[in-house]
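Before any comments, here is the structure.
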Amino acid sequence: MSNWKPGSTGKQGYVGDKPSEVESYHLENIGPDGQVESAEQAFVELASINLRLALINIWSMVSALGFGFAAAIIASSLGQPNLATYFEFASRSNVSGITGAIAGLFNVGGFFGVLSTPFVSDRWGRKSSFWFASFFLLLGAGLGAGSINVTMLILARFFTGYGAWSFVVCTIVYQQELAPATRRGVLGGSVGVAVVIGYCLAAWVGVGFFFLAAKDNWRAPLVLQAACPIFTLCTIHLVPESPRWLAGKGQTDKALAVLKYVHHSKEDPGFAVARAEHFQIVQQVALDRTLPSSWLSMFTKYRRRSFAAVLVTGANMLCGTQVIANYGPLLYAALGFTAEQSLLIAAGWITLSVALSIIAASVVDKVGRVPLLVGGSVACALIWSVYTALVAEYGALTNTNLAGKRAAVAMLFVFLIGYELAACTQYLYIGEIFPTHIRVKGVALGLMMLNLMTIWITESAPTAADTIGWKYYLVFIFCCVVCAVAQFLLIPETKGIPLEEVAEIFGDAKDVAIHAKDIAVNPHTAEVVHRV
């Protein structure tokens with residue numbers, strides 16, 4: 001990845017901001033007056049994911065990976081006998097309360113991390129929020145790995161959650177604001193892919209250290225939480241600031257330079273797409289400055305979008321995946337599998353989810369957001385139904401029908417097909433339905449819902465499963481069905497729509513400054529004009 005500098009020129013092909021510096025270009029859609037007949041069509045034909053944009057996107061994915069790893073790694077550390085010995089769990093009467101606090105404080109810290117990120121991101125820039133998140137994740141990793149008592153470990157998980165959840169907000173917003181409209185799905189969907197990769201790495205690191213005979217083997221996985229924030233801090237100077245944030249702060253020349261840099265293409269040497277997009281962004285942020293941007297406005301003027309955000313993320317949690325992810329080994333043990341077998345099955349389960357998340361991210365620009373969200377909920381409901389029936393029939397430890405037990409485990413693997421359709425899409429959707437001036441708040445709102453639902457489900461799951469057994473899964477079946485219907489009826493499709501035009505599909509047409517189809521670029525002078 002080349003070191004990026006606004007407005008520079010050189011062998012990498014950076015260009016300045018003046019029309020005279022732009023080379024002539026050819027586009028088949030040039031009209032008789034020498035202008036592009038439809039910038040909207042140009043976006044479709046020329047917008048692409050070049051190497052620069054791909055590398056920048058991968059860079060931001062590392063932060064989401066850091067969240068996934070930090071969220072999942074504590075399970076393997078808590079499962080280490082040496083940790084229990086070090087903290088003298090055997091002599092404590094409240095071990096379940098302690099482990100619950102260690103696991104739960106991650107999400108409590110995450111709630112406050114998500115809540116505070118908009119202040120940093122909107123005031124000092126999208127890149128500054130990566131610094132902010134990295135600091136707290138490093139602090140949590142250091143405290144966790146160096147813990148000498150239970151209180152220190154609990155505090156460490158609070159700071160780890162604070163930074164890790166903040167990382168997700170940063171990544172979603174940053175990716176959305178750099179991606180071309182027609183490629184936003186695959187780029188924005190990569191957040192979900194990265195989160196799952198983090199979970200996968202944590203699972204296999206846990207397996208590896210489970211078999212490592214060392215007194216402090218529980219500390220090493222917690223040290224590894226520092227890898228992603230260290231990478232982010234060491235490489236953040238190589239990536240550009242969000243062009244939409246720059247435009248919102250009046251730095252329009254720098255915004256144009258960023259757009260030229262990330263949308264550079266041999267098919268578009270005159271930067272028609274970058275110039276047209278820049279024109280639309282500048283017009284839109286000027287209008288956005290006249291609109292409300294407080295937290296209160298999220299529940300008044302922007303209430304429909306806020307509802308859509310919490311519905312999508314809430315539906316994702318209510319499908320029950322956190323029960324499988326966090327308590328998978330317990331589910332497998334309840335079916336009669338040994339501790340070692342349960343650990344390996346859980347690691348295999350999360351590994352499969354990586355492949356499925358990549359498939360989901362690759363098709364979302366073709367299929368659309370709503371079909372994947374609704375289809376995912378429907379699929380989860382059907383698969384939970386089969387799993388529940390199998391557990392009810394063969395789940396008892398005294399039942400010797402091995403085929404029935406294996407079929408139940410297989411259903412948890414099939415479950416991933418439905419879940420990943422919606423999981424990757426949720427991050428994408430909540431990032432593209434809000435205007436630039438409240439986008440970080442909107443993403444934070446959606447993730448706070450995700451966070452609160454995670455706390456509720458993970459804290460209640462053990463008690464509910466012990467009390468009512470397989471009947472607990474009926475709750476998820478019901479929730480999946482209700483959420484599928486609600487999403488089908490209440491949330492609009494955003495596929496291929498520029499961020500600056502999304503307001504229109506939520507009934508706020510007056511909040512759209514200009515449409516892409518009304519923008520034209522002169523290929524000879526690089527002048528952008530608004531066709532009324």
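Placement of Cβ uses the backbone N, Cα and C atoms for every residue, glycine included.
Feature annotation from TrEMBL assigns domain 'Major facilitator superfamily (MFS) profile' to 56-495.
Beyond its flanks by at least six residues, the transmembrane segment (53-75) meets 1, 102-103, 106, 130, 133, 137, 140-141, 157, 160-161, 163-165, 167-168, 170-171, 174-175, 178-179, 187, 190-191, 193-203, 205-206, 221-222, 224-225, 227-229, 231-232, 235, 238-240, 262-263, 325-326, 350 of its own chain at Cβ-Cβ distances under 8 Å. What TrEMBL lists as transmembrane segment is 53-75 (among others).
If you look up TrEMBL, you'll see 95-117 (among others) marked as transmembrane segment.
What TrEMBL lists as transmembrane segment is 129-148 (among others).
Annotated transmembrane segment per TrEMBL: 154-174 (among others), in sequence order.
Counting same-chain residues at least six beyond the ends of the transmembrane segment (186-212), those with a Cβ under 8 angstroms from any Cβ of the stretch are 49, 53, 57, 61-73, 75-77, 79-80, 168, 171-172, 175-176, 178-179, 218, 220-221, 224, 228, 325, 343-344, 346-347, 350-351, 353-354, 357-358, 360-362, 364-365, 420, 423-428, 431-432. According to TrEMBL, the transmembrane segment annotation covers 186-212 (among others).
Among residues of the same chain six or more beyond the transmembrane segment (218-239), those with a C-beta under 8 A of the stretch's C-beta atoms are 1-4, 56, 59-60, 62-63, 65-66, 69-70, 73-74, 76-77, 80, 82-83, 86, 127, 130-131, 133-135, 137-138, 140-142, 144-146, 156, 160, 163, 167, 198, 202, 205-206, 209. The feature transmembrane segment is assigned by TrEMBL to 218-239 (among others).
TrEMBL lists 307-330 (among others) with the feature transmembrane segment.
The feature transmembrane segment is assigned by TrEMBL to 342-363 (among others).
The transmembrane segment feature in TrEMBL is assigned to 370-387 (among others).
Annotation comment: TrEMBL describes 407-430 (among others) as transmembrane segment. Counting residues 6+ beyond its ends, the transmembrane segment (407-430) has Cβ neighbours under 8 Å at 168, 172, 176, 184-185, 188-189, 191-193, 195-196, 308-309, 312-313, 315-316, 319, 321, 324, 328, 331-332, 335, 337, 345, 348-349, 352-353, 356-357, 359-361, 364, 369, 372-373, 375-380, 382-384, 386-387, 390-391, 394-395, 442-443, 446-447, 450, 491, 494 in the same chain.
The transmembrane segment annotation in TrEMBL covers 442-458 (among others).
Residues or ranges marked as transmembrane segment in TrEMBL: 470-491 (among others).
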Taking residues 6+ outside the transmembrane segment (154-174), which of them lie with a CB under 8 Å of any CB in it?
60-61, 63-64, 66-67, 70-71, 74, 98, 101-103, 105-114, 116-118, 121, 126-127, 129-130, 132-144, 147, 188, 191, 194-195, 222, 225, 228-229, 242, 427-428, 430-431, 439-440, 443-444, 447, 451
Surrounding residues of the transmembrane segment (342-363) on its own chain - C-beta under 8 Å, 6+ positions past either end:
72, 79, 185-186, 189-190, 192-193, 196-197, 199-200, 203-204, 206-207, 210, 324-325, 328-330, 332-333, 372, 409, 412-413, 416-417, 419-421, 423-425
Which residues, given as numbers and ranges, are at least 6 beyond the ends of the transmembrane segment (370-387) yet have a Cβ under 8 Å from it?
312, 315, 319-320, 360, 363-364, 408, 411-412, 414-415, 417-426, 429, 473, 476-477, 480-481, 483-484, 487-488, 491-493
Under 8 Å between C-beta atoms and at least six residues away from its ends: which parts of the chain pack against the transmembrane segment (95-117)?
70-71, 74-75, 78, 87, 89, 129, 132-133, 136, 140, 150, 153-155, 157-166, 168-170, 326, 440, 444, 447-448, 451-452, 454-455, 458-459
